[in-house]
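Down below is the structure, laid out as structure tokens.
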């Protein structure tokens, strides 16, 4: 069962994210605090995609917003005792990365047709085969870097936090200051949780933009 814990926690993260959105309800003249937070988040995501892709970026707004919520709540689960965060498992981060990877290539061909292949050929025709190989390696590298970045940061952060807590509560000399240190560490961890969700979102947006936005020459 422990081998599938990341699947269970992933489902929980998705359910929580969906529940938060549904709890916000329909837009109102006087929005609740939760609705204000959700609307602010959606506006932030909207600004992100339109700045990188223009109005056509709105097509990808649901995807980017959903990715952000999933990664955020997946990361938050790391703060729960005896729970392995789904984003601290390489299978989860790799699956999420592959969704983005295949989607932006699909969209690249949908928008540009076979002309999308020119993105891999470089500016010099004589060196096209060389550039093609380099670009393929670069795109595959995105899968590795995007999935490992999130996994390593969340897994490493969890191990470090547990280790420090163990040292604090296991030593009578540090036990007295442990509450202050713990508050500081948790604050830093929360900032890291938000930052990692943002990084995954912005990189996903940039990768999609690179595939669908026509460059001006």
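Cβ atoms here come from the backbone N, Cα and C positions, even for glycine.
As recorded in Swiss-Prot:
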TRANSMEM  5-25  transmembrane segment
TRANSMEM  63-83  transmembrane segment
TRANSMEM  89-109  transmembrane segment
TRANSMEM  120-140  transmembrane segment
TRANSMEM  157-177  transmembrane segment
TRANSMEM  191-213  transmembrane segment
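Among the recorded stretches 5-25, 63-83, 89-109, 120-140, 157-177, the one sharing the largest number of Cβ pairs closer than 8 Å with the transmembrane segment (191-213) is 63-83. Counting only same-chain residues 6+ beyond the ends of the transmembrane segment (89-109), those with a CB under 8 A from a CB of the stretch are 5-6, 10, 60, 63, 67, 70-71, 74, 116, 119, 139, 142-143, 146-148, 150-151, 155, 200, 204, 207-208, 210-212.
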